[in-house]
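Enquirer: There's a structure below that I have some questions on.
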């Protein structure tokens, strides 16, 4: 335990239970030495303090005097410490790297579905590329997550950035080639074209690399830089990453939509490719900067068996065996967590691929003849709503508690998506008024979606042990990708634009199911749930 001391060591709110202590002097030779420069308050403890019998009444004053030399942080000082990041400079550098990398990624995420929608009138090409992207995440996330846990952080970060940029450039080159050389063809002929096959493979690898980068920053790096024992600082850092992500969605979609109104699609893709090329060296330098200004916190030691584990995981001959083993182990741990219903609700939200900003919605609006500027503005508005939700969720948690805040977010999202579904079935959305109501309902629903995203993350962080955080997080992402896979498979089957209503019904049903499951879990709490959220107003009210 002495390794847990930092340069100034304080102990606050400590309850000590003394029982069955041998009076013989214990040897401490096996205990690790303290780090140099660590000052520990010296407490003059009398020999009879270690006696198993309670303190005599007439000696209580003397014993209290002995413990007065132990510095104890006040409640205000503890709150200040909890809100102070361990490495603030490294955290700010992380924000810059996250902002720049996400901006380029979001720009590309808006560019490729728009280009495919212009290239072919069917939803099928977009659905197939998205399907295999989610399939790669579902199959590869557990093994990539395990590999990241046993591989040095900075080299892994550099390698993943190189893979992502390379696959983005390959995908852009394939789409540009198709736009210049491929004419109008049937859907079956398009799917068998070599350029489309390369696009699908490159897109799948790009999605997996992007996921790995996101997990490394959001589940590992930010925890090290903010401090594992500083919950307020960690919560603020998580909120900042969410805001940056939403800001990138807003700017990326809006910028590409604006470019489409002034230039042709090929020129827009060339501009995106130039940004990708420039982004790689900048991201690598930012990664090195994060590590250097945080006193090389990202160079934390790994276990001695890391090299053999990495070699085994990278063995192509065992890739199927390792993948299946990682999925099985992750699933066994995932289903045993106390906050499983909250995590499953998050997975259910990923079934909503139709009534949400994304490839399917972009393709639908483009096929309906909606202006690219309106499509870009819609995606930007959805991101703004999500940004607002990160502030609303904090206020909501203070008012009603974290559990009721999660339920409110889910119910709000399900209600507004039901309105959007009703408008879609009531008449053509190509007309101005139905279109505005349809898009506004979906955009406002992002308030509930992102509120639960923030709150649900905190619930899972509270309920999952730190030793299993990466494993559970990776498995949740993998299962969420499976949910999106199912919906994209539906989109492939119902690839005609006229079948979008069927996908919309499935999307609304999944969100409503998530709200029902979470509320049922809230109304029927287990003893473990009560102990875990003992300070939540919901359970405090029930206790009174």
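One-based numbering along the chain as shown.
Using N, Cα and C of the backbone, Cβ positions are placed for all residues, glycine too.
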Enquirer: With TrEMBL as the source, which of 154-179, 232-257, 258-283, 284-309 is set down as transmembrane segment?
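Expert: It is 154-179 that TrEMBL annotates as transmembrane segment.
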Enquirer: From the ranges 130-153, 370-393, grab the one TrEMBL calls transmembrane segment.
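Expert: Per TrEMBL, the stretch marked transmembrane segment is 370-393.
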Enquirer: Counting CB pairs under 8 Å, which listed stretch among 191-209, 338-364, 370-393, 405-427, 500-522 touches the transmembrane segment (471-494) the most?
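Expert: Ranked by Cβ pairs under 8 Å, first place goes to 338-364.
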Enquirer: Which residues of the chain, 6 or more past the ends of the transmembrane segment (191-209), have a CB below 8 A from one of its CBs?
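Expert: For the transmembrane segment (191-209), the far contacts come to 112, 124-125, 128-129, 132-137, 140-141, 144, 160-161, 163-164, 167-168, 170-171, 174-175, 177-178, 182, 185.
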Enquirer: At a threshold of under 8 Å on Cβ distances, which of 338-364, 370-393, 500-522 pairs most often with the transmembrane segment (405-427)?
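Expert: Answer, by Cβ pair count: 500-522.
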Enquirer: Please indicate, using numbers and ranges, the residues of the same chain that are 6 or more beyond the transmembrane segment (370-393) and have a C-beta under 8 Å from a C-beta there.
Expert: 110, 114, 239, 242-243, 246-247, 249-251, 253-258, 260-261, 356-357, 361-362, 405, 409, 430, 435, 439, 442-444, 446-451, 453-455
